[in-house]
(Lines of atoms letter the chains of each structure in order from A and count residues from 1; the text may use other names and numbers.)
(Lines give C-alpha, C1' and ligand atoms only; values in the text may rest on other atoms or scores of the structure.)
Protein backbone atom coordinates (compact mmCIF):
# COMPACT_ATOMS: atom_id res chain seq x y z
CA UNK A 1 0.00 0.00 0.00
CA UNK A 2 1.41 3.39 -0.98
CA UNK A 3 1.90 5.89 1.82
CA UNK A 4 1.78 9.14 -0.19
CA UNK A 5 -1.22 11.35 -0.96
CA UNK A 6 -2.60 10.81 -4.47
CA UNK A 7 -4.29 13.55 -6.52
CA UNK A 8 -6.17 12.26 -9.56
CA UNK A 9 -8.46 13.96 -12.08
CA UNK A 10 -10.68 12.80 -14.94
CA UNK A 11 -12.71 14.75 -17.53
CA UNK A 12 -16.43 14.82 -18.24
CA UNK A 13 -17.83 14.28 -21.73
CA UNK A 14 -20.11 15.81 -24.31
CA UNK A 15 -21.61 14.23 -27.42
CA UNK A 16 -20.37 16.26 -30.38
CA UNK A 17 -22.60 14.53 -32.96
CA UNK A 18 -24.82 11.46 -33.15
CA UNK A 19 -27.06 11.73 -30.08
CA UNK A 20 -30.36 9.86 -30.62
CA UNK A 21 -29.09 8.44 -33.95
CA UNK A 22 -26.70 6.25 -31.93
CA UNK A 23 -29.71 4.44 -30.41
CA UNK A 24 -30.58 3.33 -33.96
CA UNK A 25 -27.16 1.90 -34.83
CA UNK A 26 -25.54 5.10 -36.15
CA UNK A 27 -22.15 6.61 -35.20
CA UNK A 28 -21.78 8.99 -32.25
CA UNK A 29 -18.72 11.13 -31.52
CA UNK A 30 -18.04 11.73 -27.83
CA UNK A 31 -15.34 14.16 -26.70
CA UNK A 32 -13.65 14.69 -23.34
CA UNK A 33 -14.79 17.89 -21.67
CA UNK A 34 -12.15 19.82 -19.73
CA UNK A 35 -14.43 20.34 -16.75
CA UNK A 36 -12.86 17.80 -14.44
CA UNK A 37 -13.52 15.73 -11.34
CA UNK A 38 -10.68 15.73 -8.80
CA UNK A 39 -9.93 13.11 -6.16
CA UNK A 40 -7.55 13.23 -3.21
CA UNK A 41 -6.64 9.93 -1.54
CA UNK A 42 -4.91 10.27 1.82
CA UNK A 43 -3.62 7.07 3.47
CA UNK A 44 -3.52 7.06 7.30
CA UNK A 45 -3.42 4.64 10.19
CA UNK A 46 -6.55 5.50 12.22
CA UNK A 47 -8.35 2.28 11.29
CA UNK A 48 -11.08 4.11 9.35
CA UNK A 49 -12.00 4.67 5.74
CA UNK A 50 -13.71 7.96 4.89
CA UNK A 51 -15.55 9.26 1.83
CA UNK A 52 -16.23 12.99 1.39
CA UNK A 53 -18.25 14.29 -1.57
CA UNK A 54 -18.71 18.03 -0.93
CA UNK A 55 -20.68 18.67 -4.17
CA UNK A 56 -23.54 16.45 -3.00
CA UNK A 57 -23.10 16.83 0.77
CA UNK A 58 -21.94 13.27 1.50
CA UNK A 59 -19.60 12.53 4.38
CA UNK A 60 -19.32 8.89 5.44
CA UNK A 61 -16.82 6.83 7.43
CA UNK A 62 -16.51 3.14 8.27
CA UNK A 63 -14.32 1.16 10.66
CA UNK A 64 -11.91 -0.88 8.59
CA UNK A 65 -12.19 -3.69 11.17
CA UNK A 66 -15.95 -4.01 10.64
CA UNK A 67 -15.55 -3.94 6.83
CA UNK A 68 -12.83 -6.60 7.19
CA UNK A 69 -15.35 -8.91 8.90
CA UNK A 70 -17.84 -8.68 6.03
CA UNK A 71 -18.29 -11.68 3.82
CA UNK A 72 -17.16 -10.12 0.54
CA UNK A 73 -16.78 -13.43 -1.28
CA UNK A 74 -19.72 -12.29 -3.43
CA UNK A 75 -17.40 -9.72 -5.03
CA UNK A 76 -15.27 -12.34 -6.77
CA UNK A 77 -11.49 -12.03 -6.61
CA UNK A 78 -10.20 -9.09 -8.52
CA UNK A 79 -12.68 -9.93 -11.26
CA UNK A 80 -13.85 -6.66 -12.74
CA UNK A 81 -16.54 -8.33 -14.86
CA UNK A 82 -18.61 -10.06 -12.21
CA UNK A 83 -21.05 -7.40 -10.96
CA UNK A 84 -24.73 -8.42 -10.84
CA UNK A 85 -27.93 -6.89 -9.46
CA UNK A 86 -27.57 -9.29 -6.49
CA UNK A 87 -24.17 -7.75 -5.68
CA UNK A 88 -25.74 -4.30 -5.62
CA UNK A 89 -28.46 -5.54 -3.23
CA UNK A 90 -25.76 -7.03 -1.01
CA UNK A 91 -23.79 -3.76 -1.06
CA UNK A 92 -26.93 -1.91 0.06
CA UNK A 93 -27.16 -4.28 3.05
CA UNK A 94 -23.49 -3.69 3.87
CA UNK A 95 -23.99 0.08 3.72
CA UNK A 96 -27.23 -0.11 5.71
CA UNK A 97 -29.18 1.49 2.86
CA UNK A 98 -32.84 0.79 2.04
CA UNK A 99 -33.34 -1.64 -0.87
CA UNK A 100 -35.13 0.90 -3.03
CA UNK A 101 -32.59 3.74 -2.74
CA UNK A 102 -31.75 5.19 -6.16
CA UNK A 103 -30.74 8.77 -5.35
CA UNK A 104 -27.29 9.97 -6.49
CA UNK A 105 -25.95 10.27 -2.92
CA UNK A 106 -26.63 6.63 -2.05
CA UNK A 107 -25.43 5.35 -5.44
CA UNK A 108 -22.15 7.30 -5.19
CA UNK A 109 -21.45 5.69 -1.80
CA UNK A 110 -22.31 2.21 -3.14
CA UNK A 111 -19.96 2.66 -6.12
CA UNK A 112 -17.18 3.67 -3.72
CA UNK A 113 -17.78 0.68 -1.43
CA UNK A 114 -17.86 -1.70 -4.38
CA UNK A 115 -14.55 -0.43 -5.82
CA UNK A 116 -12.84 -0.13 -2.42
CA UNK A 117 -13.79 -3.64 -1.28
CA UNK A 118 -13.09 -5.24 -4.68
CA UNK A 119 -9.79 -3.56 -5.54
CA UNK A 120 -8.35 -3.49 -2.00
CA UNK A 121 -9.12 -7.13 -1.19
CA UNK A 122 -5.72 -7.97 -2.70
CA UNK A 123 -4.13 -6.28 0.35
CA UNK A 124 -3.30 -8.23 3.53
CA UNK A 125 -5.67 -5.91 5.37
CA UNK A 126 -8.10 -3.32 4.02
CA UNK A 127 -6.28 0.04 4.02
CA UNK A 128 -7.18 3.05 6.19
CA UNK A 129 -7.65 6.07 3.97
CA UNK A 130 -9.67 9.20 3.33
CA UNK A 131 -11.02 10.00 -0.11
CA UNK A 132 -12.42 13.38 -1.08
CA UNK A 133 -13.92 13.94 -4.53
CA UNK A 134 -14.80 17.41 -5.82
CA UNK A 135 -16.05 18.19 -9.31
CA UNK A 136 -16.32 21.13 -11.70
CA UNK A 137 -19.07 19.16 -13.48
CA UNK A 138 -22.75 19.68 -12.67
CA UNK A 139 -24.46 16.38 -11.81
CA UNK A 140 -27.39 14.95 -13.76
CA UNK A 141 -26.72 17.14 -16.81
CA UNK A 142 -25.60 14.34 -19.15
CA UNK A 143 -21.95 15.39 -18.88
CA UNK A 144 -20.55 12.12 -17.56
CA UNK A 145 -20.06 13.24 -13.96
CA UNK A 146 -20.66 9.75 -12.53
CA UNK A 147 -18.18 8.20 -14.98
CA UNK A 148 -15.50 10.77 -14.09
CA UNK A 149 -16.13 9.87 -10.42
CA UNK A 150 -15.81 6.12 -11.10
CA UNK A 151 -12.66 6.63 -13.20
CA UNK A 152 -11.00 8.73 -10.47
CA UNK A 153 -11.88 6.12 -7.82
CA UNK A 154 -10.62 3.20 -9.91
CA UNK A 155 -7.35 4.95 -10.83
CA UNK A 156 -6.63 6.10 -7.27
CA UNK A 157 -7.46 2.78 -5.57
CA UNK A 158 -5.55 0.68 -8.14
CA UNK A 159 -2.51 2.97 -7.70
CA UNK A 160 -2.74 3.08 -3.89
CA UNK A 161 -2.94 -0.73 -3.77
CA UNK A 162 0.02 -0.95 -6.18
CA UNK A 163 -1.97 -2.89 -8.77
CA UNK A 164 -0.69 -0.25 -11.22
CA UNK A 165 2.32 2.09 -10.79
CA UNK A 166 2.07 5.81 -10.05
CA UNK A 167 3.06 7.38 -13.40
CA UNK A 168 4.07 10.77 -11.92
CA UNK A 169 7.76 11.45 -12.65
CA UNK A 170 9.97 13.79 -10.63
CA UNK A 171 9.72 17.36 -11.86
CA UNK A 172 6.49 16.76 -13.81
CA UNK A 173 3.19 18.45 -12.91
CA UNK A 174 1.00 15.59 -14.20
CA UNK A 175 1.35 11.96 -15.26
CA UNK A 176 -0.68 9.61 -17.47
CA UNK A 177 -0.86 5.83 -17.15
CA UNK A 178 0.21 3.40 -19.90
CA UNK A 179 -2.34 1.96 -22.32
CA UNK A 180 -2.39 -1.36 -20.43
CA UNK A 181 -3.01 0.38 -17.10
CA UNK A 182 -5.72 2.56 -18.65
CA UNK A 183 -7.48 -0.62 -19.82
CA UNK A 184 -7.59 -1.85 -16.21
CA UNK A 185 -8.77 1.54 -14.88
CA UNK A 186 -11.52 1.59 -17.52
CA UNK A 187 -12.66 -1.97 -16.69
CA UNK A 188 -13.10 -1.13 -13.01
CA UNK A 189 -14.64 2.29 -13.73
CA UNK A 190 -17.24 0.54 -15.92
CA UNK A 191 -18.21 -1.61 -12.92
CA UNK A 192 -18.60 1.55 -10.81
CA UNK A 193 -20.84 2.95 -13.56
CA UNK A 194 -22.89 -0.26 -13.48
CA UNK A 195 -23.50 0.20 -9.74
CA UNK A 196 -24.78 3.73 -10.46
CA UNK A 197 -26.60 3.26 -13.80
CA UNK A 198 -27.40 -0.44 -14.06
CA UNK A 199 -26.73 -0.86 -17.77
CA UNK A 200 -24.46 1.91 -19.10
CA UNK A 201 -23.02 1.93 -22.65
CA UNK A 202 -19.43 2.26 -21.47
CA UNK A 203 -18.88 5.42 -23.55
CA UNK A 204 -18.72 7.86 -20.64
CA UNK A 205 -16.08 5.95 -18.67
CA UNK A 206 -14.03 5.30 -21.85
CA UNK A 207 -13.97 9.03 -22.73
CA UNK A 208 -13.05 9.90 -19.14
CA UNK A 209 -10.26 7.30 -19.09
CA UNK A 210 -8.63 7.99 -22.46
CA UNK A 211 -9.68 11.61 -23.05
CA UNK A 212 -9.58 13.09 -26.55
CA UNK A 213 -12.42 11.92 -28.80
CA UNK A 214 -14.09 8.53 -29.25
CA UNK A 215 -16.31 7.06 -31.91
CA UNK A 216 -19.12 4.79 -30.69
CA UNK A 217 -21.34 2.54 -32.80
CA UNK A 218 -23.40 -0.49 -31.77
CA UNK A 219 -21.28 -1.21 -28.70
CA UNK A 220 -17.91 -0.73 -30.44
CA UNK A 221 -15.72 2.07 -29.06
CA UNK A 222 -12.59 3.37 -30.83
CA UNK A 223 -10.32 6.38 -30.21
CA UNK A 224 -9.84 9.11 -32.80
CA UNK A 225 -6.15 9.69 -33.45
CA UNK A 226 -4.85 12.98 -31.98
CA UNK A 227 -8.07 15.02 -32.16
CA UNK A 228 -7.58 18.80 -31.88
CA UNK A 229 -8.50 20.61 -28.67
CA UNK A 230 -11.52 22.79 -29.51
CA UNK A 231 -12.54 25.77 -27.39
CA UNK A 232 -16.24 25.84 -26.59
CA UNK A 233 -18.88 27.39 -24.42
CA UNK A 234 -20.85 24.77 -22.51
CA UNK A 235 -24.30 26.02 -21.58
CA UNK A 236 -26.72 24.40 -19.13
CA UNK A 237 -30.28 25.60 -19.75
CA UNK A 238 -31.19 24.01 -16.38
CA UNK A 239 -34.42 22.74 -17.97
CA UNK A 240 -34.89 19.21 -16.58
CA UNK A 241 -35.68 16.41 -19.02
CA UNK A 242 -36.10 12.65 -19.14
CA UNK A 243 -33.70 10.90 -21.52
CA UNK A 244 -35.94 7.83 -21.49
CA UNK A 245 -39.01 9.83 -22.63
CA UNK A 246 -37.07 11.68 -25.36
CA UNK A 247 -35.59 8.43 -26.74
CA UNK A 248 -39.08 6.85 -26.75
CA UNK A 249 -40.50 9.90 -28.58
CA UNK A 250 -37.91 9.59 -31.36
CA UNK A 251 -38.68 5.88 -31.68
CA UNK A 252 -42.43 6.54 -32.00
CA UNK A 253 -41.79 9.30 -34.58
CA UNK A 254 -39.64 6.82 -36.56
CA UNK A 255 -42.46 4.25 -36.47
CA UNK A 256 -45.08 6.84 -37.48
CA UNK A 257 -43.03 8.46 -40.30
CA UNK A 258 -40.38 5.90 -41.34
CA UNK A 259 -39.81 7.46 -44.78
CA UNK A 260 -39.09 10.84 -43.16
CA UNK A 261 -37.26 9.95 -39.94
CA UNK A 262 -34.99 7.14 -41.23
CA UNK A 263 -33.31 9.54 -43.73
CA UNK A 264 -32.87 12.10 -40.91
CA UNK A 265 -30.98 9.48 -38.88
CA UNK A 266 -28.89 8.58 -41.96
CA UNK A 267 -28.07 12.29 -42.43
CA UNK A 268 -27.03 12.64 -38.78
CA UNK A 269 -24.76 9.62 -39.30
CA UNK A 270 -23.20 11.37 -42.33
CA UNK A 271 -22.66 14.51 -40.21
CA UNK A 272 -20.81 12.45 -37.58
CA UNK A 273 -18.63 10.79 -40.25
CA UNK A 274 -17.84 14.12 -41.93
CA UNK A 275 -16.94 15.63 -38.55
CA UNK A 276 -14.66 12.66 -37.85
CA UNK A 277 -12.93 13.23 -41.22
CA UNK A 278 -12.46 16.97 -40.53
CA UNK A 279 -11.08 16.35 -37.03
CA UNK A 280 -8.62 13.86 -38.59
CA UNK A 281 -7.40 16.53 -41.03
CA UNK A 282 -7.13 19.09 -38.22
CA UNK A 283 -4.72 16.83 -36.31
CA UNK A 284 -2.05 17.72 -38.89
CA UNK A 285 -2.79 21.41 -39.51
CA UNK A 286 -6.05 23.16 -38.59
CA UNK A 287 -7.19 25.88 -41.04
CA UNK A 288 -9.94 28.54 -40.80
CA UNK A 289 -11.91 26.47 -43.37
CA UNK A 290 -11.95 23.50 -40.99
CA UNK A 291 -13.63 25.62 -38.30
CA UNK A 292 -16.21 26.92 -40.79
CA UNK A 293 -17.04 23.33 -41.78
CA UNK A 294 -17.41 22.34 -38.11
CA UNK A 295 -19.85 25.26 -37.67
CA UNK A 296 -21.92 24.17 -40.68
CA UNK A 297 -22.10 20.61 -39.31
CA UNK A 298 -23.21 21.97 -35.91
CA UNK A 299 -26.02 24.01 -37.54
CA UNK A 300 -27.22 21.11 -39.71
CA UNK A 301 -27.23 18.67 -36.81
CA UNK A 302 -29.18 21.06 -34.58
CA UNK A 303 -31.89 21.38 -37.26
CA UNK A 304 -32.02 17.61 -37.68
CA UNK A 305 -32.43 17.16 -33.91
CA UNK A 306 -35.28 19.68 -33.95
CA UNK A 307 -36.90 17.66 -36.75
CA UNK A 308 -36.61 14.54 -34.56
CA UNK A 309 -38.59 16.42 -31.88
CA UNK A 310 -35.89 16.66 -29.20
CA UNK A 311 -35.46 20.44 -29.29
CA UNK A 312 -36.84 22.87 -26.70
CA UNK A 313 -37.64 26.59 -26.50
CA UNK A 314 -34.66 27.08 -24.15
CA UNK A 315 -32.31 25.52 -26.73
CA UNK A 316 -33.81 27.68 -29.51
CA UNK A 317 -33.13 30.72 -27.32
CA UNK A 318 -29.55 29.56 -26.71
CA UNK A 319 -28.97 29.20 -30.49
CA UNK A 320 -30.54 32.61 -31.22
CA UNK A 321 -28.34 34.35 -28.64
CA UNK A 322 -25.13 32.78 -29.93
CA UNK A 323 -26.09 33.35 -33.60
CA UNK A 324 -26.57 37.05 -32.81
CA UNK A 325 -22.90 37.06 -31.72
CA UNK A 326 -21.71 35.21 -34.83
CA UNK A 327 -21.36 31.82 -33.10
CA UNK A 328 -22.84 28.38 -33.79
CA UNK A 329 -24.47 26.02 -31.25
CA UNK A 330 -26.28 22.73 -30.88
CA UNK A 331 -27.81 20.71 -28.07
CA UNK A 332 -25.64 17.94 -26.65
CA UNK A 333 -27.03 14.76 -25.13
CA UNK A 334 -30.72 14.00 -24.82
CA UNK A 335 -32.10 17.45 -25.70
CA UNK A 336 -35.48 18.68 -24.45
CA UNK A 337 -33.54 21.24 -22.38
CA UNK A 338 -30.32 20.13 -20.71
CA UNK A 339 -27.05 21.35 -22.23
CA UNK A 340 -25.80 22.91 -25.43
CA UNK A 341 -22.34 23.58 -26.86
CA UNK A 342 -21.05 26.58 -28.81
CA UNK A 343 -17.87 26.36 -30.89
CA UNK A 344 -15.37 29.19 -30.30
CA UNK A 345 -13.23 29.62 -33.42
CA UNK A 346 -9.65 30.76 -32.70
CA UNK A 347 -10.37 34.10 -34.44
CA UNK A 348 -13.31 35.00 -32.16
CA UNK A 349 -12.30 38.08 -30.20
CA UNK A 350 -12.42 38.28 -26.41
CA UNK A 351 -15.17 40.99 -26.22
CA UNK A 352 -17.48 38.84 -28.39
CA UNK A 353 -16.99 35.83 -26.09
CA UNK A 354 -17.65 37.92 -22.96
CA UNK A 355 -20.75 39.54 -24.50
CA UNK A 356 -22.11 36.10 -25.47
CA UNK A 357 -21.53 34.74 -21.95
CA UNK A 358 -23.29 37.76 -20.42
CA UNK A 359 -26.28 37.34 -22.76
CA UNK A 360 -26.55 33.61 -21.96
CA UNK A 361 -26.34 34.26 -18.21
CA UNK A 362 -29.06 36.88 -18.70
CA UNK A 363 -31.33 34.08 -20.00
CA UNK A 364 -30.84 32.27 -16.66
CA UNK A 365 -28.43 29.71 -18.12
CA UNK A 366 -25.18 28.49 -16.53
CA UNK A 367 -22.22 29.00 -18.84
CA UNK A 368 -18.63 27.67 -18.81
CA UNK A 369 -15.81 28.60 -21.16
CA UNK A 370 -13.86 25.39 -21.56
CA UNK A 371 -12.52 22.97 -24.18
CA UNK A 372 -13.13 19.50 -25.60
CA UNK A 373 -10.53 16.93 -26.62
CA UNK A 374 -9.14 17.16 -23.07
CA UNK A 375 -6.61 14.70 -21.59
CA UNK A 376 -8.03 11.62 -19.88
CA UNK A 377 -7.46 10.42 -16.30
CA UNK A 378 -4.25 11.92 -14.86
CA UNK A 379 -2.32 12.12 -11.60
CA UNK A 380 -1.12 15.54 -10.39
CA UNK A 381 1.29 17.21 -7.99
CA UNK A 382 -0.46 19.32 -5.33
CA UNK A 383 1.38 22.45 -6.53
CA UNK A 384 -0.04 22.07 -10.06
CA UNK A 385 -3.71 22.26 -8.98
CA UNK A 386 -5.62 25.55 -9.17
CA UNK A 387 -6.53 27.26 -5.90
CA UNK A 388 -10.24 26.66 -6.66
CA UNK A 389 -9.61 22.89 -6.87
CA UNK A 390 -7.58 22.86 -3.64
CA UNK A 391 -10.40 24.79 -1.98
CA UNK A 392 -13.01 22.34 -3.32
CA UNK A 393 -11.06 19.36 -1.97
CA UNK A 394 -10.68 21.09 1.40
CA UNK A 395 -14.40 21.94 1.73
CA UNK A 396 -16.88 19.97 3.91
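From the backbone N, Cα and C atoms, a Cβ is placed for every residue, glycine too.
Swiss-Prot lists 146 with the feature active site, proton donor, giving similarity to another entry as the kind of evidence. Swiss-Prot lists 204 with the feature active site, proton acceptor, giving similarity to another entry as the kind of evidence. Taken from Swiss-Prot, the feature ATP binding site covers 13, 55, 135, 140, 141, 142, 143, 144, 145, 146, and the record attributes it to similarity to another entry. The Mg(2+) binding site annotation in Swiss-Prot covers 146, 193, and the record cites similarity to another entry as its basis.
All features noted in Swiss-Prot, drawn onto the structure.
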residue	record	Cβ contacts under 8 Å, 6 or more apart
13	ATP binding site	30, 31, 32, 33, 143, 144, 147, 203, 204, 207, 208
135	ATP binding site	35, 36, 37, 38, 55, 145, 148, 149, 392
141	ATP binding site	236, 333, 338, 339
146	active site, proton donor	104, 107, 108, 111, 139, 192, 193, 196, 197, 204
What does DSSP call residue 135 (ATP binding site) in the simple three-state scheme?
strand
DSSP-derived class (H/G/I helix, E/B strand, else coil) of the residue listed as 'active site, proton acceptor':
helix
Taking the Cβ of residue 143 (ATP binding site) as the centre, count every other Cβ atom within 10 Å, in any protein chain shown.
27
CB contacts for residue 145 (ATP binding site) [other CB atoms within 10 A, all chains]:
25
CB neighbours of residue 193 (Mg(2+) binding site) within 10 A?
27
Conformational class of residue 145 (ATP binding site) under the three-state DSSP mapping:
helix
